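Okay, structure first, notes after.
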Amino acid sequence: TPEQQRYVDLFIVVDHGMFMKYNGNSDKIRRRIHQMVNIMKEAYSTMYIDILLTGVEIWSNKDLINVQPAAPQTLDSFGEWRKTDLLNRKSHDNAQLLTSTDFNGPTIGLAYVGSMCDPKRSTGVIQDHSEQDLMVAITMAHELGHNLGISHDTGSCSCGGYSCIMSPVLSHEPSKYFSDCSYIQCWDFIMKENPQCILNKR
């Protein structure tokens, strides 16, 4: 129903390594981000959540935090930076870091769970792990899902015969669908915690 619509004002930060990976072409990076956000919008529309890109910051000179292969440390640093720096400059609900750094092990993204609207913890870090916009967009949708209180799908969760967004492992052919479990968990979190920042559009 429309009255339960929520709005996530999303801010995306691009680290210096990713800037260099795209040969310093900010326009190309921005185009990629817009494609990714459109995919995320589509994915979240069935959840009655609108994803609105409120800003992009590209670290074209140098990284403003220590980005490292240990994803938990990078997430911690990014959260602190968001809380003390970015939030003072730009109004937004959630921030995601895109990095060219190859995180340790099979990790391609990491985020806090059930943390939407928290100054430090409404954040995630995403490895730019594929040439395909879809693959990285689904990874970001997945990490944002954790911020919205959604945990990984178990065997009984389904999204109509596809590989769902909150699957513990990214499929080679991911879908833009959340499972029935994800919908229930997301709205349980929203109804119980009532994160204020996503009630309005900026």
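Just so you know, glycine gets a Cβ as well, placed from its N, Cα and C.
The following features are taken from Swiss-Prot:
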- 6-202: domain 'Peptidase M12B' (DOMAIN)
- Asp9, Asp93, Cys197, Asn200: Ca(2+) binding site (BINDING)
- Cys117-Cys197: disulfide bond (DISULFID)
- His142, His146, His152: Zn(2+) binding site (BINDING)
- Cys157-Cys181: disulfide bond (DISULFID)
- Cys159-Cys164: disulfide bond (DISULFID)
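Overlay of Swiss-Prot feature records on the structure.
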residue: Asp9; record: Ca(2+) binding site; DSSP class: strand
residue: His142; record: Zn(2+) binding site; DSSP class: helix
residue: His152; record: Zn(2+) binding site; DSSP class: coil
residue: Cys157; record: disulfide bond; DSSP class: coil
residue: Cys164; record: disulfide bond; DSSP class: coil
residue: Cys181; record: disulfide bond; DSSP class: helix
residue: Cys197; record: Ca(2+) binding site; DSSP class: helix
Given the recorded positions Asp93, Cys117, His146, His152, Cys159, Asn200, which lie within 10 A of Cys181 (disulfide bond) by CA-CA distance?
His152, Cys159
For the C-alpha pair, I'd like the distance in angstrom between Asp93 (Ca(2+) binding site) and Cys117 (disulfide bond), rounded off.
6
Candidate nearest Cys117 (disulfide bond) in space, where candidates are the recorded positions Asp9, His152, Cys159, Cys164 and distance is Cα-Cα:
Asp9
Spatially speaking, which of the recorded positions His146, His152, Cys159 is closest to Cys197 (Ca(2+) binding site)? Use C-alpha to C-alpha, please.
His146
Does Cys159 (disulfide bond) have same-chain partners at least 6 apart in sequence with Cβ under 8 Å from its own Cβ, and which are they?
Ile165, Ser175, Tyr177, Phe178, Ser179, Asp180
Candidate with the highest Cβ count within 10 Å, taken from the disulfide-bonded residues Cys157, Cys164, Cys181:
Cys164
CB neighbours of His152 (Zn(2+) binding site) within 10 A?
16
Where's the emptiest Cβ shell within 10 Å among the binding-site residues His142, His146?
His146
Whose Cβ lies within 8 Å of the mean position of the Cβ atoms of His142, His146, His152, the Zn(2+) site, other than those residues?
Ala111, Val113, Glu143, Gly145, Ile150, Ser151, Ile165, Met166, Pro168
Ranking the binding-site residues Asp9, Asp93 by other Cβ atoms within 10 Å, which is at the bottom?
Asp9
Taking DSSP three-state, what's Cys117 (disulfide bond) in: helix, strand or coil?
coil
Sequence-distant neighbours of Asn200 (Ca(2+) binding site) in its chain (C-beta under 8 A, six or more apart):
Tyr7
Out of the recorded positions Asp9, Cys157, Cys164, give me the one sitting nearest to His146 (Zn(2+) binding site) by CA distance.
Cys164
